[in-house]
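S.K.: This is the structure, below, for whatever I ask next.
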Amino acid sequence: MTQFRPRGAVAPLRRPAARATTVDAAVAALRPEAPLHCLRPQAVTAAARAFVAAFPGDVLYAVKCNAEPTMLRAVAAGGVAHFDCASEAEVRVVRSMFPDAEIHFMHPVKSRAAIRAAWTQFGVRDFVLDTDSELTKILEETGSQDRGLVVRLALPKGSAAYDLSGKFGAAPEEAAALLRAARPHAARLGLSFHVGSQCLDPAAWTRALALAAEVIGAAGVAVEIVDVGGGFPVAYPGSEPPPLAAFMEAIRAGAALLPEGVRLWAEPGRALVAGGASVVVQVQCRRGDALYVNDGVYGALSDAGAPGFRFPHRLLRLDGAASEVTRAFTLFGPTCDSADVMRGPWMLPADVREGDWIEVGQLGAYGTALRTAFNGFDHALVTEVTDSPMLATPGYEAAAARAA
Ligand SMILES: *Cc1c(COP(=O)(O)O)cnc(C)c1O
């Protein structure tokens, strides 16, 4: 099997011999002392299938969100035949698994070597850009036959959990000029944007599409594709997004402003894979309201650190029942860095103790993908389960409010 990470960088997830079909059974069989990643590929396939059915255009999976082969296969099984890659390594792994997939190179700043390899070795034909110099690079490193060029438009600061407006994208006038400059060199010309990750407001897409329509009008050239990016949200404790249909309605409303015949693309990451994994961590030490666990912000729980995401969670104890009284805990990860803290709050039985396990849900997105080998804590196990995605933590909001 192709390994996404260079050998030696981060230990690959280890598959234990014991097989189990539920998280509870896996924990009982393995009594895991390393973080245990519980994959739910069928949940990813279902989410991908639902998105493909709802979206009025082509669906490109944003590979960076989770590039594990099991997840890539699950996304493809849901009907996704396009992949949004941002590096040569991502392009390589997708091509090795899916010889017929359409791969789109959607990072606005690429090395010449990556562009060249994508074009010549891996059959990538679509490239994004947000500057004149990137356009020059792409034109110099690719052939002219069937070349697709997509201009990334910057959006005003929005309402997403992760704002992406500061780093990439051309301002509207620049984007119009880039469309004009790219037009003679493109078999397909597109305009793309990203409203920001975990964006809870469907109207953000309508506004962005209205701006895209203005830019296309100002450019005065034909555009074949508008790419509405990723950012589609999922549920986390205390954050319940509107249903997917509301986002699709907002996109249809915005798309009505575009010139006739424009094809839509979307680049969902989080929305397809978040429910596809949970991670079971073990409590190694309790000190008052602080729990020291075996995974943290340098592992799969990066977003629970500084970004402050709250993840659904529950206690697993094999020998006896836990207290029915819950209270708020802070989690510390295993590294020696004081930034390795996840404030939650984590609502857990008041008598949680060393040796207990905690299942943390919704980690299929930006969990596995962000693991590092810092401090040597990269050893983790992986197994597949048939449980439904782990969503809400029952009573979380009330309990967290009482604790605050
Ligand atoms: C990260 C990223 C995505 C996926 O974003 P999600 O919020 O996970 O849906 C899509 N497109 C681009 C260009 C990205 O950088």
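For all residues, glycine too, the Cβ spot is worked out from N, Cα and C.
Annotations in TrEMBL come from automatic prediction, not curation.
This is the feature table in TrEMBL:
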type	residues	note
DOMAIN	44-274	domain 'Orn/DAP/Arg decarboxylase 2 N-terminal'
MOD_RES	LYS64	N6-(pyridoxal phosphate)lysine
DOMAIN	280-364	domain 'Orn/DAP/Arg decarboxylase 2 C-terminal'
ACT_SITE	CYS336	active site, proton donor
S.K.: Taking the Cα atoms as reference points, how far is LYS64 (N6-(pyridoxal phosphate)lysine) from CYS336 (active site, proton donor) in Å?
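M.R.: Spelling it out, the Cα of LYS64 (N6-(pyridoxal phosphate)lysine) and the Cα of CYS336 (active site, proton donor) are 27 Å apart.
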S.K.: Give me the non-local Cβ neighbours of CYS336 (active site, proton donor): same chain, 6+ apart in sequence, Cβ-Cβ under 8 Å, ordered along the sequence.
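M.R.: Listed in sequence order: ASN375.
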S.K.: Check the DSSP secondary structure of CYS336 (active site, proton donor), expressed as helix, strand or coil.
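M.R.: For CYS336 (active site, proton donor) - judged by DSSP and reduced to three states - the answer is coil.
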S.K.: Counting by DSSP, what is the helix, strand and coil composition of the domain 'Orn/DAP/Arg decarboxylase 2 C-terminal' (280-364)?
M.R.: 3 helix, 36 strand, 46 coil
